[in-house]
Amino acid sequence: MGEAVTKALSDLGLTARHGEDVAVTGLSVDSRQVRPGHLFAALPGVKAHGATFLPAALERGAVAVLTDRAGEEIARPLLVGSSVALVVVEDPRQSLAYAAALWFGAQPATVVAVTGTNGKTSVATFTRQIWQALGFEAANIGTTGVEGSFTAPSAHTTPEPITLHRLLAEMAAAGVDYAAMEASSHGLAQRRLDGVQLSAAAFTNFTQDHLDYHATFEEYFAAKAGLFTRVLPEDGVAVLNTDDPKGLELFDYAVARGQQVIRVGRDASCEMRLGGQRFDAAGQDVRFIWEDAPQLVRLPLIGGFQAMNALTAAALVIACGAEPAEVFAALPKLTTVRGRMQLAATRANGATVFVDYAHTPDAVETALKALRPHVLGRLVAIVGAGGDRDRTKRPLMGRAATAFADHVIVTDDNPRTEDPATIRAAVMEGAGPEAQEVGDRAEAILRGVDALGPGDALLIMGKGHERGQVIGTDIFPFDDAEQASIAVAALDGKI
Ligand SMILES: CC(=O)N[C@H]1[C@@H](OP(=O)(O)OP(=O)(O)OC[C@H]2O[C@@H](n3ccc(=O)[nH]c3=O)[C@H](O)[C@@H]2O)O[C@H](CO)[C@@H](O)[C@@H]1O[C@H](C)C(=O)N[C@@H](C)C(=O)N[C@H](CCC(=O)O)C(=O)O
Ligand SMILES: Nc1ncnc2c1ncn2[C@@H]1O[C@H](COP(=O)(O)OP(=O)(O)OP(=O)(O)O)[C@@H](O)[C@H]1O
């Protein structure tokens, strides 16, 4: 057994207000995870103040507490006569983020972060894919976990600082030199990224979302802006979609801080400018202009917005020092995030089948609208809604499908403990009398594929990357992309 690592509070940038500069054996934000010798970060929470769990943390052997003034009030009486060190700071989440960085002490040499309402996963994934295509060891961290040269599951889009820095240190130890991470607005508001050394950061766009957590639109934007005004250092590069008015606002902040900026968008002022797009069944040809030189690339990606995501990723990689010509040569190799507008199968007659995670009325509309320019013939949609979740969205999802597709098949999603027929009836109510109802999802996919003539496309929505269907309380193996391949093989005589 190796000797346990310990670090003094002062080595973690912390000063005790009460007690000594003790050595700690680890960090925890949750009393239930405290081990003997740990520093317990008692954070102000939505439901409770972490300091209320101090007795449990002390019982488990915490030797130091990091908290704010409100936490100090709760902690002081509990610490009378004890040698436990009490560290009181203005913003304990930020101090914890710095302490976690110092505790783990290593990260990949180049780390970039992406924020925005939509496109974070796509941009972080594309950035990693470009680096890998250039021959570098690279990984991305986000909603889909950690992927690339290093893989790990992740519960959060932006992991908590302790998890995040453990991951970054493990990546560095495994030889990963490049990492692209998603910066969620929750993660930014909770200072999860504050201890990360960023080389560049990108902003994709800003629309209404997450107003359940952020009190106002302004607060939500302020959280995202923090990536550029606080986390990204002055010598970092800001990659900004300045077609979005909020991107223009960030441009002003970045310039005021002396950061170098790469603007991405359609406007003539952009260093990375999107010119034209021509769509076909399997992707798009994109014309763009980099520093006044026109370029043409093939993107095997569905959806007009993916060109902006790919260019944003290209700009990030260039910002970190790569040769632009090599970066542009890598773009035709990009592949979509699994289950997001994923080309799952192609019929012998050329008709295509796509799988997408869209499971809200808005997402159904966006997905169908994105696919439409790629389809010469008819667009067929398969839609369903999950059980034990929001009921009001069911007819709205059916309505959106009928409004933006030429033919709609309503099927089961994850019925969970509800009666599947009742859920389908609600979706059918919005989808209208022309829609076809096929409860069994595999049969619905078979019928959808069978309906495709040359030039047609089928979009199977709702489950995306999932590999199981939840019926009752059991999960049965089910993969939309695999079912699409099976249906195509069966109908085109390959099995
Ligand atoms: C809404 C939100 O962000 N909540 C975060 C917040 O929890 P909270 O304020 O509710 O905590 P609380 O339950 O009031 O407890 C207060 C403190 O006491 C601690 N505690 C609690 C119970 C106990 O027995 N002992 C104990 O020590 C908790 O660890 C916490 O530090 O502080 C906790 C500790 O830092 C976080 O783990 C927790 O993230 C939760 C798990 C979460 O689900 N967050 C989601 C919303 C999130 O961050 N999502 C974004 C993506 C959003 C998106 O783009 O879709 C993400 O980046 O993943
Ligand atoms: N640049 C973009 N502009 C507008 N919409 C986009 C853009 N990129 C992606 N989208 C839409 O957002 C959906 C989710 O994309 P993506 O996973 O990349 O975003 P995200 O910000 O990571 O969201 P999440 O954290 O929920 O995964 C896509 O399926 C698409 O409908």
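Note: Cβ is positioned from N, Cα and C throughout, glycine not excepted.
Because TrEMBL annotations are produced automatically, they should be read as predictions rather than curated entries.
Annotated ATP binding site per TrEMBL: G116, T117, N118, G119, K120, T121, S122, in sequence order. Under the DSSP three-state reduction, T121 (ATP binding site) is assigned to helix.
Within the same chain, residues at least 6 positions away in sequence whose Cβ sits under 8 Å from that of G462 (meso-2,6-diaminopimelate binding site) are Y357, A358, H359, I382, V383, G384, A385, G386, D413. In the three-state DSSP assignment, the secondary structure recorded for G462 (meso-2,6-diaminopimelate binding site) is coil. What TrEMBL lists as meso-2,6-diaminopimelate binding site is R389, D413, N414, P415, R416, G462, E466.
Per TrEMBL, domain 'Mur ligase N-terminal catalytic' is recorded for 24-101.
Per TrEMBL, the feature domain 'Mur ligase central' maps to 114-316.
Marked as domain 'Mur ligase C-terminal' by TrEMBL: 339-464.
Summarising the annotation, TrEMBL assigns N6-carboxylysine to K224. In the three-state DSSP classification, K224 (N6-carboxylysine) falls within a helix. Within 10 Å of the Cβ of K224 (N6-carboxylysine) there are 23 other Cβ atoms, across all protein chains.
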| request: Please report the number of other Cβ atoms within 10 Å of the Cβ of S122 (ATP binding site). | output: 27
| CB neighbours of E466 (meso-2,6-diaminopimelate binding site) within 10 A? | 17
| query | In Å, rounded, how far does the Cα of K120 (ATP binding site) sit from the Cα of K224 (N6-carboxylysine)? | reply | 12
| Since the record lists T117, N118, T121, N414 as binding-site residues, which of them has the fewest other Cβ atoms within 10 Å of its Cβ? | N118
| field | Chain-internal residues, separated by at least six, CB under 8 A from G119 (ATP binding site) | value | T204, N205, F305, M308, N309, T312
